[in-house]
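As annotated by TrEMBL, domain 'AB hydrolase-1' applies to B:50-361. Annotation source TrEMBL lists active site, nucleophile at B:SER157. The substrate binding site annotation in TrEMBL covers B:ARG226, B:ASP358. Marked as active site by TrEMBL: B:ASP324, B:HIS357.
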Number of protein chains: 2
Amino acid sequence: MKQSGTIVEKQYFTYGAAPDRLQLESGAVLGPVTIAYETFGTLNRDRDNVILIAHAFSGDSHVAGHYPTDREGDKPGWWDFMVGPGKGIDTDKYFVICPNILGSCMGSTGPKSINPETQKPYGLDFPMMTIGDMVTTQKALLDHLGISELRAVVGGSVGGMQVLEWCVRFPEMIRSAVPIATTMRHSALAIAFNEIARQSIMADPKWNNGDYYGGDFPRMGLAVARMVGHVTYLSDEAMRRKFGRRLQDKEAFSFGFFDGDFQVESYLRYQGSKFVDRFDANSLLYITKAADYFDVVDRVTASGPLKGGDLQKVKYLVISYSSDWLYPTYQAKELVQALKRTGQDVSFCEIEADCGHDAFLIPDERLTTLVKGFIDGVG
Amino acid sequence: MKQSGTIVEKQYFTYGAAPDRLQLESGAVLGPVTIAYETFGTLNRDRDNVILIAHAFSGDSHVAGHYPTDREGDKPGWWDFMVGPGKGIDTDKYFVICPNILGSCMGSTGPKSINPETQKPYGLDFPMMTIGDMVTTQKALLDHLGISELRAVVGGSVGGMQVLEWCVRFPEMIRSAVPIATTMRHSALAIAFNEIARQSIMADPKWNNGDYYGGDFPRMGLAVARMVGHVTYLSDEAMRRKFGRRLQDKEAFSFGFFDGDFQVESYLRYQGSKFVDRFDANSLLYITKAADYFDVVDRVTASGPLKGGDLQKVKYLVISYSSDWLYPTYQAKELVQALKRTGQDVSFCEIEADCGHDAFLIPDERLTTLVKGFIDGVG
């Protein structure tokens, strides 16, 4: 029996075959490129009801609804509480597009894709790509769909970086932007955590310099990398409330290393082991590196003057979470100040929540109300 | 040419051979046990000028001064700015003892020591030990040295846990205690980081279930574990100030994975690679587990009533650091409140410093002045 609710299918857009391959920011070329995407709602006649949702590092195009193949009990898309008929981003009104990012392993071209030159998976032959390159492919997708205006670009975390990149690259296309739980550039702390995750994968002999497709993959290294990620997504308070020092399925300490004693250990091990079944280790390497390289400070600061006095105003709603220590509120405020200095129209809200960076993925009426009010009010 | 300054030698105390082996908290037995230790200054006639310094997780007995074998330029002990003639803990006045903890790899018995039953290194046959077991061996060392009173017990981080354990086990021996940058028990966050460090080691095939002595050891896993540790020892502010987004020996991004781009990456890689040359992976497993198990909340709370109304007063100076997010100030305050409720004499100071948990290892006049004033003033 199928799921009730919105049914959606993954679609694919391929372009950039030789000789029209993509020129990447690193100087490398790549092509052809496939971008997986999903759409929700109906494009109106004026083609001006489009909302682009950019997903976070390990996300995918499946932002809401169910696939036709889903069975009763299967989980809907990752932002189903936000996106759908009558919801915060109302698909009765808006045409929502969510593309899977370049470099991912969820349908778009990435390191596990076949390299046409070798007929083998790219592995480390996949060129380094940037957040800018991700946005370039999304722009190509919109061109392909005949869309030249975005009512809103919305995204959290690495998705928020794409939102900011969109705004500095194509402000003339954008009426509003909602960067959530994000930053103009990674702090040393954020880079440090990503580097530990990468080192953990690269330390696994099964990583084999990225050449592991078709064989055993770096399961252990990838699991530890994900554990590191999960600690940064939570917060001290969230972990205290969620786990405290409670033991997992035992009354006393095990005095051993193989069974986790504490619930938090079991949780992390579970998250690690679940992740390795769905995510590619090389994709983690490439996407974390793109996030570390990302830096729009200069371009945001210059976004007024660069337009030659004819400032393109984008309406912004910047949202941060009080307990996010990966991209803390002070970084959101730096963004707000930088945007205001260029004369942009900026609203800012810090949501009080103890659940850390991942808060934007957790149903919260305040977030939904904020986003709905803002997007519906875009002139 | 030898170093100037205090010259010290590592000493060893061995006890607990069969049939008098140690009964550990886990129920296991262990023996014989050797405790490496160093002493500074002179024990007075009344034997009442003794200060015990408990070192942190990866520390050792070499708290200050130089070994006779040191050469010009060799670093002195890890708290040399604090301990020595005329310093904060003045070895002209006090007899300072610093024992290496049980389970370590710096001279005391630990998993890399020879198991007398097999004549091979213990590896995972080493029994799980607790902070309480560490303190038990330190008590045995003091008995051996004929010391029955401590003017002060001082230690930071896991050393601070030993301080608290001393206070609940042997309050009648202790006149004052200085727990620094520590906690009554690990939060879920602290357990999470330790678990990631352990998993990183255990994921390395060269760990080989702890049986790697004499062969290649889990260098990669241990390095990643240390990188995790270093992030928890610093703070967002410290990393921003120390590294920011500065690149390491390059003008532009490498667009590759093998050379770190950012200084913070090089720093972590360097710390990781340095650590593997001096520390044993199994010791990390055992000591982090002991720290995770540690919990004196109930015993601190009960420390008044348990003495049958005849409360043994210990004078406390509790010190925390404003940017320590491993053992944040709120945890130090919980300790202060718990001690006060039992009628203890407690002073508390939060030192404003942006360098995170490791601050107590960094020369700081405020810390020295605080500790000196407190210890000199013990009645």
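Note: Cβ is positioned from N, Cα and C throughout, glycine not excepted.
TrEMBL: automatically predicted annotations, no manual curation.
Within 10 Å of B:HIS357 (active site), counting CA to CA, the recorded positions B:SER157, B:ARG226, B:ASP324 contribute B:SER157, B:ASP324. Taking CA atoms as the reference points, B:SER157 (active site, nucleophile) and B:ASP358 (substrate binding site) are 9 Å apart.
Taking the C-alpha positions, the distance from B:ARG226 (substrate binding site) to B:ASP324 (active site) comes to 18 Å. Comparing B:ASP358 (substrate binding site) with B:ASP324 (active site), their Cα atoms are 8 Å apart once rounded. Each of the recorded positions B:ASP324, B:ASP358 was scored by other CB atoms within 10 A of its CB, and the lowest score goes to B:ASP358. In the three-state DSSP classification, B:SER157 (active site, nucleophile) falls within coil.
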